[in-house]
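Visitor: Here you go, one structure.
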Ligand SMILES: [Fe+2]
Ligand SMILES: [Fe+2]
């Protein structure tokens, strides 16, 4: 059985791949400025400066768009947690260090521009938003907790830092891309949509970097990497899990197509697994083969869960519509 590589061996072996991918990223990333995406002329003072405090009637966004915007922003706000996770598991030398710094700086733009937009346009309550940011950032993101809550063991979380990180962020970057893109559409407002499409394009480039790194790790140490990937896919939680009002906002987002189980399966998990050739490759040992079977079974169950969720959602949406008097009750 091939032995597992240590964290240090993985980082050293993959450094040239990281360097190529940092160069690729820098050649493709667009420079953009948050202030160009915010309608400043819509802004005015709040009561502390002799203006008027926020009132729900001032918001021009619908309930779904508001819930999605808040969730997306709080996720971006939690950047220090993600930075810690990545910087603790990557090296601070060479290409690894360059990537960690650059990625963190790019992510910070997302939180800056969404907050500026929401506060200037009075789309959401700025006091509630600030309270939620404080609560969410204080709690932080903890991947160890995520795996353990999913039933994982101590060994699973103790020795797979780098591989867990690159596997998790690959899916997470793609998930945030989908969420930002669909939130933009749900806002039904061209300035918000332009801003969120801009952010979604960044998230896609981030995803490609991590996907390429995790793919290279899979080539280097197939069984060991598939173990980390399987653990992440089978225990995946959206980064918003645990934030204030997560249940309410998460349900609203899933119910209205911002981010639901089928999007998670078909637009996030499967395209990445296909790109890594997980189900076609022939370099797995017995352990890898077994993991691939477990992963296949989990994905089949997810497919069934999608159908069940959609049936429930359709019934709930029909109930909502009847309540609003849009369609006659079934006889
Ligand atoms: Fe982001
Ligand atoms: Fe990102």
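Just so it is clear, glycine is given a Cβ too, placed from its N, Cα and C backbone atoms.
Note that TrEMBL annotation is computational and uncurated.
TrEMBL feature annotations, pasted as is:
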{"type": "BINDING", "residues": "76, 107, 110, 203", "note": "Fe cation 1 binding site"}
{"type": "BINDING", "residues": "107, 173, 203, 206", "note": "Fe cation 2 binding site"}
Visitor: Count the Cβ atoms, other than its own, that fall within 10 Å of the Cβ of residue 110 (Fe cation 1 binding site), considering every protein chain shown.
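Guide: Its Cβ has 25 other Cβ atoms within 10 Å.
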Visitor: Measuring Cα to Cα, how many angstrom lie between residue 110 (Fe cation 1 binding site) and residue 206 (Fe cation 2 binding site)?
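Guide: With distance taken Cα to Cα, residue 206 (Fe cation 2 binding site) is 13 Å from residue 110 (Fe cation 1 binding site).
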Visitor: Could you check which of the binding-site residues 76, 110, 206 have their CB within less than 6 A of ligand 2?
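Guide: Correct list: 206.
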Visitor: Anything from the binding-site residues 76, 107, 110, 173, 206 with its Cβ under 6 A from ligand 1? List those in sequence order.
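Guide: 76, 107, 110, in sequence order.
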Visitor: Using C-alpha atoms, which one of the binding-site residues 76, 107, 203 comes nearest to residue 173 (Fe cation 2 binding site)?
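Guide: Among 76, 107, 203, 203.
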Visitor: Once near-sequence residues are set aside, which residues in the chain of residue 76 (Fe cation 1 binding site), 6 or more away, have Cβ atoms under 8 Å from its Cβ?
Guide: 107, 110, 111, 114
Visitor: Once the chains shown are all counted, how many other Cβ atoms turn up within 10 Å of the Cβ of residue 203 (Fe cation 1 binding site)?
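Guide: Excluding its own Cβ, the number within 10 Å is 22.
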